[in-house]
Structures are given as C-alpha cells and as structure tokens.
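In case it's useful when we look at the structure, here is the feature table from TrEMBL:
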- 2-119: domain 'Gfo/Idh/MocA-like oxidoreductase N-terminal' (DOMAIN)
- 130-248: domain 'GFO/IDH/MocA-like oxidoreductase' (DOMAIN)
Amino acid sequence: MIRLGIIGAGAVAHFHAASAARISNVELAAVCDLRPEAAERVASPWGASVYGDYLAMYRDAGLNAVIINTPHALHLEMVLAAADHGLHVLVEKPMATTVADCDRMIQACREAGVSVVIGQIQHFLPEKLAAEDVLASGELGRVLMIRDYRTTDYRPGTRPDWFFSEAMAGGGALMNIGGHCLDRSIWFGGAPVESVSASTLKRFGVPVETDGAIALTLKNGVHVSISVVSDAAQRLDEILIVGEFGTLSCSPHHGTLVRRDGVTRTVWEPRPEDIQEGFFLQLQDFITVLDGGAPKVSVEHARHIVEVVLASYEADKTGRPVQLAEAGESISTGRTLTEVG
C-alpha cells in the first residue's frame, strides 16, 4: 500500500484526493496546508490526517510519496526535503522557477534513489490523448505549424495573491497558463525549442504579465505561435495542429479533424468527468513509476518548459529572439510522435 500525502489544499488538491481514492493500492494518508480548514476540507472525505507543517508530515505520517501543490517558488525546498526523507514526489507544474532549481531537484532525487515526476496535466486529458492518437496514426502527416491560444483572468482577486508575486510564482500568465500551451505544443510538435521570440503586457495594476505572445521555432522546423490573453469575453483553450494531410483542432469542447480531401470527422467529444479523469490518469502514471515504470512525461521535458518560459521573458526584455543552444535532441517531449511523410 502506498501512503500518499498532499501539500497544498487548493482546488487542484481535491482532484488529486479523489484520484487517490480510485486506486486500490493508494491511501491518502495526510494533507498539509497552512490553512487548517482548507486541509480539513480535502482530508476529511477520505479519513486523512491534517498537518500544518510539511516537515512534520514527512516525519510522522508514514508516507511513501507526496504530491506538492504549492506556490512555485516553494517546490525546490519541499522536493529536497522529500528526497531527504526517502519520499517519491509528484510536483505540480511548473517544475520550478529557475532551470538551476530544476537541476537541483533532479540531482537530489537521483542521489536519494527516489522518483520525481512533474504534473504536466495536458498529457493526460482525454482530448489531448485523442489528438495524440491522431498524430501517431499518421493521418495528419508531418506537422508543419501549431497555433495555441488560451484566455484566462489575471485581474486582482481572481486567484490567490501569490500568483501576482514574481518571487513566488516565477512570472505571470506565461509561466502559469502559457506553460500548459508550451507543454502541449512542444509535445505535439515533436521536438524541443530552438528559438523564442515573445512579448508581454501587464494590465489591471498587477506586477506580473497578464497577457503574452510567444513565437517558437522547434528543432525540426515546426513553427509554433502561442497567445495568452486575460479578461476576454469568452473562455478559449484551443490548439490547432496543421499537417501535410490535414488539420486538427482540439479543445475541452471538441476535437475535429479536417483532411486535405475535405472530409471532416470528430475525433473526440467532451464529457463532464474529463478533467477529473485527467488527474486520475496522471496519478496512475505516477504510481506506475513507483513500481519501476517510465513516466509518460520526463523531468527533462518539464525542465525544458521552464527554460522556454524564462527564454520568453528574456526575449520580451531584449526585443530579440533567444536561441536555446542547449536544447539538444536528448530533451524528451513526452511520448515520441513519429513524423510521417
């Protein structure tokens, strides 16, 4: 039996807790948060203990593994402490706020003989898995271009205050929301990033970016454009993948393939339980890693996303493209998608 702890009792913690309850060899043993009432709301349906100090939870709760669901800048210290206590770790994205911190996390867990997996949820959402199947089938042919856009809300009061602190969050909408777009675009594009151009905008009087646009060239020549906009009239979350033989549009509301010959077909239809299913599949993947399997998403891929976000900030600051010289072919982009054609 794997005794699991959760640090951070925000909205996402409820998805993790419900997922743990569906896996027969996992017990949610403890939940930790500085707000005892929030921790109790996550813990009580499953009979888990409540802690206000994560080190005490590491020491006393008899855990095998922990999910870290906290402000981004706290990931490093919590992962290092987990490694010291011999605990396997699932960390919510982004992995960390600097590439150096990512490297320290990887090294510490390797030396301690424990696993660290990053919660890149895009790889487990049913509509993205349907898109992965289409790409793997060869029906799109070689990917030529990707357009990814998402609307969000970065007005004060719309999310916890720490999201508006560069020190705690590592950035604004690009680090938080844009990270999802980068994750799936690099994954579906099939190669790491070679160069980045970007621009950002700060609105609503907050100190971090609320809007941003990123243009990427992947190492295989695929062009990617990403836009994140706050306070739009409509909530949008869509990726458009243009291939030699067809175009695939994918969002939480639809999955549609249009072939070169004009034939259109639906590749995925939404269900109310899809977001919970994504967290369940992600936790299943983590448990598989603890049993000796390979993760669906490598830590090198998660590290690369942080690297690209930070390169985007540099490109915005200097007004010039940034070349990611160290983004070699060894960077994993999740499951390998074979180019066809």
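FYI, residue positions are counted from 1 along the chain as it appears here.
Glycine is no exception: its Cβ is also placed from the backbone N, Cα and C atoms.
Help me picture where these features are in the structure shown.
Confidence across the domain 'GFO/IDH/MocA-like oxidoreductase' (130-248), taken as the mean pLDDT and rounded to a whole number, stands at 97.
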For the domain 'GFO/IDH/MocA-like oxidoreductase' (130-248), jot down how many residues DSSP puts in helix, in strand and in coil.
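Output for the domain 'GFO/IDH/MocA-like oxidoreductase' (130-248) reads 33 helix, 45 strand, 41 coil.
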